[in-house]
Amino acid sequence: MIEEKIITRAIVTEYLQRLERVVSSDVVIAGAGPSGLVAAYFLARKGLKVTLFERELKLGGGMPGGGMMFNQIVVQKEAKELLDHFQIRSREFREGYYLASALEATAAITLRAIQAGAEIFNNITVEDLKVIEDKVCGVVINWTPVERAGLHIDPLTIDARFVIDATGHPAEVVRKLESKTNQKILKGEGPMWAEVGERLIVENTREVYPNLYVCGMAVNAVFGGPRMGPIFGGMLLSGKKVADLIITKIW
Ligand code: 48F
């Protein structure tokens, strides 16, 4: 016999317990694109309490779409080691250009992040930050359907020692901070130039305001670096770098 009420109880109880556990997190990440997922994995692997909120139903951000929906990604040699680390199969297409399945890459990194202990909540949007005495100390969240329907429903707050903006091109979290604190932080991303974009994204991955870090495409949006299209090595390396920076700061 299968009882629907038991299924409902199981789902509701477990979800609420998970949400309750993350109310005070070590690190909150906004956005489950490649950079946010990689950061989540490396931070969770260190034993930190990592919570990732993703606005959409699906995870992976721009990665599953590959280039113009051709669901392949290209990764340069500097990041090949990360493909191997996540057990993503790849082949060298031309010297230094590694080709992988966008779906395999998305699935593999997502799986490893979850299995490392990162708590991922999809369908939840980070709509604001908690800032006390000029330090970020948490995020303000709401259900994405509430945001989309424009319902007047107050959000909830999650405390965090560190917050990572991994929201991609819009750099939404930094943008929100800018609007609330009246400071100019965002330069806006430049036109396509893959080589420079890939380099700058890693170089500029850092803390941009006390306890607020950026990784992935949000980095180039903040620092005025160019976009780079469907080459993903910089995203993976940036996710790893932001995790390393936070780990170094904590220990
Ligand atoms: O855009 P996205 O994939 O970010 P990324 O990790 O990677 C960029 C590449 O996909 C691609 C590229 C490669 O060369 O340029 O664009 O920097 O993923 C960002 C994720 O953040 C979610 C969004 O739905 C997406 O899945 N997101 C955006 N704003 C919010 C958010 C928000 N306010 N709260 C929660 N999630």
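These residue numbers are counts, starting from 1, taken along the chain as shown.
Heads up, the Cβ atoms here are built off N, Cα and C, so glycines get one too.
Taken from TrEMBL as is:
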type    : residues                                                           : note
BINDING : SER35, GLU54, ARG55, GLY62, VAL126, HIS152, ILE153, ASP154, MET217 : NAD(+) binding site
BINDING : ASP154, HIS169                                                     : Fe cation binding site
BINDING : ARG227                                                             : glycine binding site
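Cβ neighbours within 10 Å of MET217 (NAD(+) binding site), excluding its own Cβ and spanning all shown chains: 29. Nearest to SER35 (NAD(+) binding site) in space, judged by Cα atoms and limited to the binding-site residues ASP154, HIS169, ARG227, is HIS169. Using MET217 (NAD(+) binding site) as the reference Cα, a 10 A cut-off selects HIS169, ARG227 from the binding-site residues ASP154, HIS169, ARG227.
In this structure the alpha carbons, written CA, of ARG55 (NAD(+) binding site) and ASP154 (Fe cation binding site) are 17 Å apart. Counting other C-beta atoms within 10 Å of each candidate's C-beta, the binding-site residues VAL126, ILE153 are led by VAL126. Ligand 1 lies within reach of SER35, ARG55, VAL126 from the binding-site residues SER35, ARG55, VAL126, ILE153, ASP154, judged by a C-beta closer than 6 angstroms to any of its atoms. Cα spacing between ILE153 (NAD(+) binding site) and HIS169 (Fe cation binding site): 27 Å, rounded to the nearest whole number.
Around the Cβ of HIS169 (Fe cation binding site), the same chain contributes GLU189, MET217, ALA218, ALA221, ARG227, each under 8 angstroms and 6 or more positions distant in sequence. Cα spacing between ASP154 (Fe cation binding site) and VAL126 (NAD(+) binding site): 13 Å, rounded to the nearest whole number.
Here the binding-site residues are ARG55, ARG227; the one with the fewest Cβ atoms within 10 Å of its Cβ is ARG227.
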